[in-house]
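One structure is given here, and the rest of the page talks about it.
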Amino acid sequence: MVSPDRAPDRLEGKYAAMAVCWLLGNGCLFSWNSMLTVVDYYVFLFPQYHPSRILTLVYQPFALITLAILAYHEAKIDTRRRIIFGYILFFASSLLVLVLDLATSGKGGLGTFIGICVISGAFGVADANVQGGMVGDLSFMTSELIQSFLAGLAASGAITSALRLITKAAFENSKDGLRKGALLFFAISSFFEFLCVILYAFVFPKIPIVKYYRNKAASEGSKTVAADLAAGGIQTLSKEEVEKCSERFSNKQLLLQNIDYAIDMFVIYTLTLSIFPGFLSEDTGSHSLGGWYAVVLIAMYNVGDLIGRYIPLLKFFKLESRKYITAATLSRFLLVPAFYFTAKYGDQGWMIMLTSFLGLSNGYLTVCVLTAAPKGYKGPEQNALGNLLVLFLLGGIFAGATLDWLWLIGKGW
């Protein structure tokens, strides 16, 4: 067993761990992104219910409240059970979307819409379990792992958008084309979520670099990694040894010390979600791209978000100064008038460019904050801080999704 006091000469399995983290990040948002990406199908099925906005507003409170409870009790919760439960819930919910659509033969109506909303809430609960758990878990490991997980989150959006473009082209002119595309999405989503359950439960805990960092966190007093260490074949410290080294900052102290990072996360996602996806899918007018316009905009956002999450890998471009990160975050508010005037007076080229920049800046700043904040803390504190920052991230998403309705003022509301 590697001594937890020093890093091993060669951290074996680093690239394997990065690949698994990327896939797990993908799985964390694949189901939800599938629902967002086939929103044109739901707009067709439920035109009077504003599904692009309602589904986000249902998803977010479930994610936020669940994560608030989990973040509060984070030090006592078994991370392994929490994350596996989250991926199983993703799998079951994706399967349920398929079953619901097949059972109703693709018919709309209030009952079906309520069923979709319930599944959207289940996705929120699953997201809180997985995203908070994974970011907390990876916060005490090397920063490349959390970057890979965050890139995987964005990749799920880019992959679902690419699949949507393919299915739209393949099925557009066929009978029930939108429905066939949506069903294919959730079949792929169900399979992928099942793969994530297997990867997290049986592959990830056995990777040497992961075992090393979890062992190190346990030696610093972390109680959340015991089951994962056991799954990786490592004997954990006794209760007395854990108690001896479990002195740490409380959640309140950690939050006060990192309040700027927490506000940054909140503001980044408030701004992004006040524009994406509701405004982009409903309020951008008619253009030569026709029915492809909203799909192309959402795809460009997702590609920009993915690229933005890889930019901090280049040391020269990575923001590490707290002041500069906050300044960059606040400067994004200029995008609100930019989108308003572009939608009113600009052509689709400008809108596509703006949407790409919205995604790029969102992904870039997310990675900068989540890799800079945990530095200098012990394992248990890094885990707690990761959970708190994701809580503010989800709070920002909820606030943004609520503010998104303001774009409808003057449009018959």
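All residue numbers here begin at 1 and follow the chain in the order shown.
Using N, Cα and C of the backbone, Cβ positions are placed for all residues, glycine too.
Unlike curated entries, TrEMBL annotations are predicted automatically.
Record features, source TrEMBL:
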type     : residues : note
TRANSMEM : 15-34    : transmembrane segment
TRANSMEM : 54-72    : transmembrane segment
TRANSMEM : 84-103   : transmembrane segment
TRANSMEM : 109-128  : transmembrane segment
TRANSMEM : 149-171  : transmembrane segment
TRANSMEM : 183-204  : transmembrane segment
TRANSMEM : 261-280  : transmembrane segment
TRANSMEM : 292-312  : transmembrane segment
TRANSMEM : 324-343  : transmembrane segment
TRANSMEM : 349-373  : transmembrane segment
TRANSMEM : 385-408  : transmembrane segment
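Beyond the ends of the transmembrane segment (261-280), by six or more residues, the same chain brings 36, 39, 52-53, 56, 255, 294, 297-298, 301, 322, 325-326, 329-330, 332-333, 335-336, 339, 343, 355, 358-359, 362, 365-366, 369-370, 372-373, 388-390, 392-401, 403-407 to within a C-beta distance below 8 angstroms of the stretch. Between the transmembrane segment (385-408) and the transmembrane segment (183-204), fewer than three CB pairs separated by 6 or more residues in sequence fall under 8 Å, so the two stretches do not touch.
Between the transmembrane segment (292-312) and the stretches 109-128, 149-171, 324-343, 349-373, the greatest number of Cβ pairs separated by less than 8 Å involves 349-373.
By the Cβ criterion (under 8 Å, sequence separation of 6 or more), the transmembrane segment (349-373) is in contact with the transmembrane segment (149-171), since 3+ such pairs are found. The stretch with the most CB contacts under 8 Å to the transmembrane segment (54-72), chosen from 15-34, 109-128, 149-171, 183-204, 324-343, is 109-128. If you count C-beta pairs under 8 angstroms between the transmembrane segment (149-171) and each of 15-34, 84-103, 109-128, 183-204, 324-343, the highest count goes to 15-34. Counting residues 6+ beyond its ends, the transmembrane segment (324-343) has Cβ neighbours under 8 Å at 260-261, 263-264, 267-268, 271, 274-275, 279, 283-285, 350-351, 354, 357-358, 361, 365, 368-369, 372 in the same chain.
Listed by sequence, the residues of this chain that lie at least six past the ends of the transmembrane segment (84-103) yet keep a Cβ under 8 A from its Cβ atoms are 27-28, 30-31, 34-35, 112, 115-116, 119, 122-123, 125-130, 133, 179, 182-183, 186-187, 189-190, 193-194, 196-197, 200-201.
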